[in-house]
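Inspection log for the structure reproduced underneath, given as structure tokens.
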Amino acid sequence: MTETKFTPRVFSGIQPSGNLHLGNYLGALKRFVDMQGPEMETVYCMVDLHAITVWQDPKELAHSTRELCAGFIAAGIDPEQSILFNQSQVPEHAQLAWIFNCVARMGWMQRMTQWKDKAGKNQQNASLGLFAYPSLMAADILIYHATHVPVGEDQKQHLELTRDIAIKFNNDFGVNFFPVTEPVIEGAATRVMSLRDGTKKMSKSDPSDMSRINMTDDADAIAQKIRKAKTDPDALPSEIDGLEGRPDARNLINIYAALADQSVEQVLADVGGKQFGEFKPMLAELAVAKLSPISSEMARLMNDQAEIDRILARGAERARAIAEPILRQTYDIVGMVSSARG
Ligand code: ATP
Ligand code: MG
């Protein structure tokens with residue numbers, strides 16, 4: 001087997017399932033912006049096909065997709081430099097996902113913790129799409145031969161599965177066609193936790209709005225949620241060891257560090273010894289300073305939805321220019337006959 005050299009390319013996505021939150025921003029969006037630059041092509045996607053693996057109201061889905069696009073741009077994604085689009089408009093994602101459904105094994109899917117968490121006790125009543133989610137995610141990445149995927153820590157297992165699918169496809173067909181993708185999980189806030197429970201991930205789908213800071217929250221809402229965030233009675237430690245067994249304290253410190261672009265050590269050196277009553281207003285002030293320019297820019301962009309739709313259409317066109325030939329080559333490798341070609 002000959003070594004193919006893959007051009008470095010970044011892909012990542014966010015579901016337009018509403019409630020874009022601080023965890024999405026620190027764990028994903030902010031990092032997407034950091035990776036944007038002349039040395040790597042960056043492809044970012046609103047994964048609407050993933051969103052419908054659980055029920056979405058059609059009107060809200062359309063609104064959330066546009067709002068998420070506004071969120072990407074407001075956070076610093078330049079739609080000229082990056083390719084920005086919604087997944088359903090590039091049909092090659094779903095087409096490659098079908099091939100991967102035939103490569104991935106039932107046992108692999110059954111082990112996925114996101115499946116177990118989201119399907120809960122009633123797996124029989126979950127959608128087939130929710131079960132197959134990781135195979136579509138592998139297709140999202142591999143249809144661009146993406147080499148680097150920035151995500152939050154919760155997606156690590158799905159990225160390992162993406163690697164397994166690429167490796168099995170390459171082995172089954174005796175090719176070196178799909179790259180073995182590198183997960184990029186970095187920074188102080190790869191797993192932002194719920195403000196109500198420091199052992200649970202902050203999520204769009206958490207029924208409690210107090211559990212998360214939404215990117216559309218105003219200054220008062222942000223301050224109130226931080227003031228009410230769960231904590232313990234002790235003062236903050238000056239060293240990392242002192243956060244052991246204190247998930248809520250650790251979470252607020254991680255959030256502060258990520259927002260301030262500081263290390264956790266630096267933050268603790270400054271705030272060690274303070275009570276939460278003193279630290280929470282500092283955190284609220286920092287969060288408002290960092291987030292309110294983004295939320296006002298999102299609101300401004302949402303005033304011109306036609307422009308958002310034009311950006312998405314242009315992004316889909318550019319994405320298809322990459323995806324279409326990769327799907328065609330995949331079909332050739334698999335042995336599918338096409339009468340359209342000689
Ligand atoms: P849902 O609850 O509907 O799954 P979500 O909040 O998990 O929504 P996704 O759209 O599934 O959001 O994830 C988009 C990106 O945000 C992924 O890279 C994911 O790893 C990251 N992410 C999600 N939640 C967090 C979090 N709490 N901390 C850090 N990163 C996160
Ligand atoms: Mg998720």
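Positions of Cβ are set from backbone N, Cα and C atoms, glycine also.
Residue ranges 16-24, 115-123, 232-240 are listed, and TrEMBL annotates 16-24 among them as motif ''HIGH' region'. Looking at 36-40, 201-205, 206-210, 271-275, the stretch flagged in TrEMBL as motif ''KMSKS' region' turns out to be 201-205. Here the motif ''KMSKS' region' (201-205) returns a mean pLDDT of 94 for the predicted model.
Taken in sequence order, the binding-site residues Ser17, Asn24, Asp140, Val192, Met202, Lys204 that lie near ligand 1, meaning a CB under 6 Å from one of its atoms, are Ser17, Asn24, Val192, Met202, Lys204. Taking H, G and I as helix, E and B as strand and the rest as coil, DSSP gives the motif ''HIGH' region' (16-24) the counts 3 helix, 1 strand, 5 coil. Look at Lys204 (ATP binding site): DSSP puts it in coil. The Cβ of Val192 (ATP binding site) has 25 other Cβ atoms within 10 Å, all protein chains considered. Ranking the binding-site residues Gln15, Ser17 by the number of CB atoms within 10 A of their own CB puts Gln15 at the top.
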